[in-house]
Amino acid sequence: MSRNKDRVPDIQFILVTLPDGRPPKFSRIKVLINMQKCLIIAFCFGFFLGSVIMPVWTHNVESAQVIANEMNYPVENPMNIGHRGLYSLIIQIPALLLSTGFSEWTLCIIFSGIQCGIAFSTVSLITLIFSRHLLFSLAFPILLLHLSTIQPFWPDNYYTVFHGHFYPVLYPLNTSLYGLLGLCGVLLIFCFLSFGWIRTTFFLAGLYPSIHPTLALAAWIGLAASICFVVNKNSIVLIFKYFSAGFLLFGLSAVIHYLLSGPVKTELSPEMYQCISVAHVSDHLLHRSNFLSSISVLQFFEPDIYLLLIFFTLLKTKLFTPSIIRFITSLSSIIMIGCLYILFSFAWPELVTIYPINALMIHRWLNLSSIAVPCVISGLLIYHGLILNHKLSVWIIIIYIGLVISGHMTGITITSSFHSFDSSKPLLNKIGIGWPLLMVIVCLTNLILKKKAGDNHRIFNRNPSQYIQMALFVMIIGHGLIDSVWIRNYKNTLSLDARNVIDKLKKGQGILLTTEPFWELAPIQLRTNREMLLDLSQANGIHYVPQAIPSAQAIFQTVFQMDFCTPDRNSKKLLHVLESRSFQEWQTIALQYNITQILTSGSLHLNLPVCYQNKSYRIYRIVIPGID
């Protein structure tokens, strides 16, 4: 009997008695169906959006090319060491599929759909926990995407556009998919625990190191904090059984990775690793550093303050159901650890340079709250407006939607544009999230004062939800699409110059050298099927595989005459180094690294023959005997 009971989600953790003592409007079966519908429909719609409407080239498929031996890199090449050293199941799976005949673009389409589907599922399920409204929960991922205003793209405003806690939350999909999948996966696990899906929760928790090794630690800590709400004699055995099954698969995946990639030999001592780590983090990895010295503490912790205020208010009401307790406990434990890490690193700046602590990026865990904040706030407003039928909540939602549509207020987003304490914004835009937050607290205070929902209906003759549904429809259709992230992703196509240079590079052979990151062309290896000497757009990723740094250092010293860990950012000096190099010197470097082509900007002039050029790019050719 207990076994059958464990198979069904804990429906009582979703249901709640209304403040006036009335029973919930939904049956147990309906709640179960809503949870399953929300997960399946949101994922399917997100998969369609990511795979059909706005697919992108993904870095995991680029690494899979190397693992599947599709690329002929020299053993000592930093790209070879870096790609083979990265461990994740989302690299191993496309590597296997590549070896069976799948094309790179087909796999990119699939993984674009998967990451967008998981992002949509996560946002929908969190919203469902707090709103209890299926249709709104399904619509909210699109609304969240729709309200995210366009900004100058990476890396121009890297630290102001896509950040939650000043680390990118690239919703709903991006070329570098690891971070978004990792963050959304952790929140998805917390949602499953909230719904009482014990088997699924702990199986995924055991498997999670094979998805994102560093964020797996965050998932384990969050589950450990809330495990007291699910522990009994039967569940302990169940948890251990399914966690062990997932962990066993992780171990098997890790062994396969070790056998395929093999251990990378290195002569670096632990002391040398630490020296490299300090220099590399200080220059390259600013997003791993502490930003409290450059912005106000209040602004940095703003999403966490919002959640704590909401959680405290919920604690004073009867809306604090066991399902919400589970989710909040898991998330709050991560927020506390992240905040403590930030404060410790502020007092002890050297903390962020210690390897491998900086590789864990504990402060990045705070972006879990950045994703959850808009879902929690919007979900609670909808719950009060559509489920409890509070007059105040209904009008707040309608007024807020009207202000957003008219452009007088910033919409709720995951990005840093929601910060209320940004003094550079107009008043209404400053309170883009502060307004609904205040109204949530007002609505919950209304419950604390034990005002019955029936006393607040007089203005509505029938169903107030009709007004909200009409306003949401107008918001989705009428808001300026031209400024939305939707259009940025939907029209994320290469310029004519970029497409032409990619087509030309595809026809070449040998090692390709690039003199700039060329963010708009990345990932170049994947787009062109060409081996690269060093992809400057992925220099940050080498920190995950520090064994690749010595070979990258040698390349930087030889080609650019600068140190890889602390490069000279003087572009004029680099320009002089490259343009003053003679034809014979280029020949010597080319023979050393088997370089056959050099990709530069259209303004850079090298002492080499040009084989292709347009307004934006130039391709220089170096003839090596035996390679056309």
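Using the three backbone atoms N, Cα and C, a Cβ is placed for every residue, glycine included.
Copied from TrEMBL, the annotated features are:
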- 38-57: transmembrane segment (TRANSMEM)
- 81-98: transmembrane segment (TRANSMEM)
- 105-129: transmembrane segment (TRANSMEM)
- 175-198: transmembrane segment (TRANSMEM)
- 210-231: transmembrane segment (TRANSMEM)
- 238-260: transmembrane segment (TRANSMEM)
- 291-315: transmembrane segment (TRANSMEM)
- 327-348: transmembrane segment (TRANSMEM)
- 368-387: transmembrane segment (TRANSMEM)
- 394-419: transmembrane segment (TRANSMEM)
- 431-449: transmembrane segment (TRANSMEM)
- 470-487: transmembrane segment (TRANSMEM)
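In terms of C-beta pairs under 8 Å, the stretch of 81-98, 105-129, 175-198, 210-231, 238-260 lying closest in packing to the transmembrane segment (368-387) is 105-129. When the stretches 81-98, 105-129, 210-231 are ranked by Cβ pairs under 8 Å to the transmembrane segment (38-57), first place goes to 105-129. Residues of the same chain lying 6 or more positions beyond the ends of the transmembrane segment (175-198) and with a Cβ under 8 Å from any Cβ of it are 6, 8-11, 13-14, 35, 56-60, 88, 90, 111, 114-115, 118-119, 121-122, 125-126, 129, 167-169, 204-205, 208, 211-212, 214-215, 218-219, 222-223, 226, 230, 235, 238-239, 242, 323-324, 326-327, 330-331, 334, 364, 367-368, 371-372, 522-523. Counting only same-chain residues 6+ beyond the ends of the transmembrane segment (105-129), those with a CB under 8 A from a CB of the stretch are 14, 34-35, 38-39, 42-52, 54-58, 60-61, 64, 90, 94, 97-98, 136-138, 140-141, 144, 171-174, 177, 180-181, 184-185, 187-188, 191, 194-195, 323-324, 327, 371-372, 375-376, 378-379, 382, 526.
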